[in-house]
Amino acid sequence: MSDRAMIQIENVSKFYGIYKALDDVSLSIAEGEFFSLLGPSGCGKTTLLRSIAGFENPTAGEIYIDGVPSLALPPNKRPTNMVFQSYAIFPHLDVAENVAYGLKRLKLSPEEEKKRVGDALDMVRLSGLGQRKAHELSGGQRQRVALARALVMRPKVLLLDEPLSALDKKLREEMQVELRTLQKAVGITFILVTHDQYEALALSDRIAVMFGGRIAQIASPKEIYQRPRTRKVADFLGGMNFLKAKVLGEQGNAVSIDAARFGAVQLEKPQGFAASSGHVTVGIRPERLRLLWDDDRAPHELSGRIENRAYFGEVTHLTVGIDGLEQPLSMVETNNFGADDLPIGAEIRLAYDPEAFVLLAEDPPVTRI
Amino acid sequence: MSLLTQRLRFIPFLPIYVAAYFLFLYLPILLLPIFSFNNAATTTFPLAGFTTKWYASLSGNSVMLEAAWNSLIVGLSVSLLSTILGICAARAITRYRFRGQRAAAGLIMAPLFLPEIIVAVSLLMIVLAMGVELSLVTVILGQTVFCVPYAMSVLVSGFEGFDRSLEEASYDLGEAAIGTFRRVTLPVVAPAIVSSLLVTFTISLDEFILAFFLSGTEPTLPVYIWGQLRFAAKLPGVLALGTIMLVASILMLTLAEILRRRAERRTQLAHALP
């Protein structure tokens with residue numbers, strides 16, 4: 001991964017009538033970066049990906065691919081290749097012919113073409129399956145053919161439109177590891193569209209979370225999970241306990257707040273934070289709350305009672321009611337110590353780390369339509 | 001389903017009924033080739049020995065050959081015309097969403113369910129009112145109206161689910177519009193198109209009512225056969241001709257069905273997920 005920008009998206013908007021599919025989106029993706037566009041369906045992530053590929057024509061803005069303004073170029077003239085959600089394997093061609101499809105136009109020598117097809121199939125571990133017809137392939141194999149067919153073109157950017165959504169859970173997890181390994185091996189820029197936050201977290205160098213045609217936050221997986229900027233981003237990335245809190249004072253980059261039963265905590269000010277009303281929303285992830293057993297002591301404790309319990313195999317999700325809090329808290333406990341055996345109604349104590357709280361900015365109002 | 005199969009076993013007459021049904025359906029058709037090889041001018045049992053002379057007599061029958069030629073011209077024109085119109089209609093129905101889509105699809109299919117003789121009479125009235133002379137052209141136009149629904153239903157099942165991303169994948173891999181049509185669109189839908197050509201050709205070849213009303217002095221084969229039936233002596237020749245048409249129709253329809261299934265497999269595969 002270098003510092004050179006491979007993709008630069010500048011003020012791109014796409015309107016369908018008065019519906020804003022993309023609303024003034026700007027971002028930059030580095031050469032060799034694994035970048036994910038994450039969001040719920042209809043957030044504009046696929047429209048943005050298809051605009052990079054050339055299948056959508058943005059209403060305004062410009063997209064630079066490797067420094068070249070590209071919106072005027074048709075898809076077949078762009079140095080990008082795409083893995084489609086349906087894989088779009090040509091049904092009348094076998095695996096090798098599918099992979100060689102784009103090479104035919106390059107007029108390579110037969111040996112050179114054969115070598116590149118062979119190398120591409122090796123890369124996705126499909127060696128020896130070149131003669132298979134598309135209908136003889138499993139879902140995972142089709143996905144690999146689609147990958148090989150795109151990578152054999154040696155694109156500057158590989159675009160992946162929900163490539164794993166059609167696979168079952170186990171295969172999906174396998175392919176995630178493979179996709180990451182493959183990206184490191186070929187070293188080209190990958191842009192992945194997904195609505196699966198775990199997929200985005202596991203694969204990406206950076207993630208852009210999108211809502212309503214806009215980018216809500218761009219950051220590394222760790223940062224976006226631990227330091228979400230707004231309530232919606234926090235909520236989309238996983239479980240989060242939200243609390244209303246009162247601002248006590250501001251010192252430079254820090255804000256001290258009164259987080260109800262959790263007491264006074266000092267938090268870092270998020271970008272664009274403005275405590276106009278004196279009331280703010282703070283959040284803490286369920287796994288940052290910890291059950292205390294018997295004689296365990298912690299510097300910051302609360303007591304409550306179990307209102308609900310759900311068993312998930314390796315972990316148990318607990319809902320804990322705390323006096324003086326409007327909403328019960330969600331917690332995730334590993335089952336090593338018997339959290340799965342706690343009866344509903346049991347009185348428990350929990351520990352928390354004030355550092356684990358995040359101050360959340362207000363979500364921008366929804367202005368579409 | 002298993003419940004049904006279970007229950008059927010208790011009906012002892014079912015195999016007999018099935019056998020009777022198929023006999024009634026196919027025995028008359030089977031008699032056609034049998035008597036066409038029978039060395040007698042009448043269609044009665046016992047058979048009088050094997051001959052191919054009725055087939056031989058066909059080749060010297062210039063009126064019949066003329067009618068066969070007419071049928072070929074009409075069949076080829078109708079299959080081409082109705083398939084081209086069917087492609088346009090099927091693509092519109094499967095690819096786009098527009099106001100009145102269901103109504104349009106229904107109206108295109110309607111001639112299938114209208115009494116053919118009513119269609120024939122109406123067409124004849126219009127043709128005469130317009131002062132157009134009856135000819136093979138009027139037969140072609142009439143049969144095309146009648147064949148478009150068949151063409152469309154075959155083509156829709158071939159186009160349905162033609163995954164648009166196949167064409168996009170082709171552009172994405174560097175191919176331009178014409179190359180994409182040649183290398184992806186056409187090969188994927190070709191079986192459906194060929195199947196439509198075969199089905200409509202076969203229908204046109206067998207079609208009698210429209211041809212009878214609209215053909216004027218240029219008979220097609222079915223119209224010629226109808227005319228021959230008045231002469232008992234011509235019957236064995238008609239049987240021989242009928243046998244040839246029967247075999248040709250069966251071959252073409254079988255081929256059409258094979259191609260239609262292949263087309264369906266291809267397009268459905270494109271988005272069939274695991």
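Keep in mind that glycine also has a Cβ here, set from the backbone N, Cα and C atoms.
Feature annotation from TrEMBL assigns transmembrane segment to B:12-35 (among others).
Residues annotated as transmembrane segment in TrEMBL: B:67-93 (among others).
Here TrEMBL flags B:68-256 as domain 'ABC transmembrane type-1'.
Annotation source TrEMBL lists transmembrane segment at B:105-128 (among others). Listed as Cβ neighbours of the transmembrane segment (B:105-128) (distance under 8 Å, sequence separation of 6 or more from its ends, same chain) are residues 89, 93, 134, 138, 141-142, 145-146, 148-150, 152-153, 209-210, 212-214.
Note on the transmembrane segment (B:134-156): residues 70, 73-74, 77-79, 81-83, 85-87, 89-90, 93-94, 108-112, 116, 119-120, 123, 127, 189, 192-193, 195-196, 199-200, 203-204, 207, 210-211, 213-218, 220, 256, 260 of its chain, located 6 or more positions outside it, place their CB under 8 angstroms from a CB of the stretch. Residues or ranges marked as transmembrane segment by TrEMBL: B:134-156 (among others).
Beyond its flanks by at least six residues, the transmembrane segment (B:188-215) meets 70-71, 74-76, 78-80, 82-83, 86-87, 116-117, 119-121, 123-124, 127, 134-136, 138-139, 142-143, 146-147, 150-151, 154-155, 157-159, 162, 166, 221-223, 226, 245, 248-249, 252-253, 255-257, 259-260, 262-264, 266-267, 270 of its own chain at Cβ-Cβ distances under 8 Å. Residues or ranges marked as transmembrane segment in TrEMBL: B:188-215 (among others).
According to TrEMBL, the transmembrane segment annotation covers B:235-256 (among others).
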Same-chain residues near the transmembrane segment (B:235-256), Cβ under 8 Å, at least 6 residues beyond its ends: 29, 32-33, 35-36, 38, 40-43, 54-55, 57-58, 61, 64, 154, 194-196, 198-199, 201-202, 205-206, 221, 225, 228-229
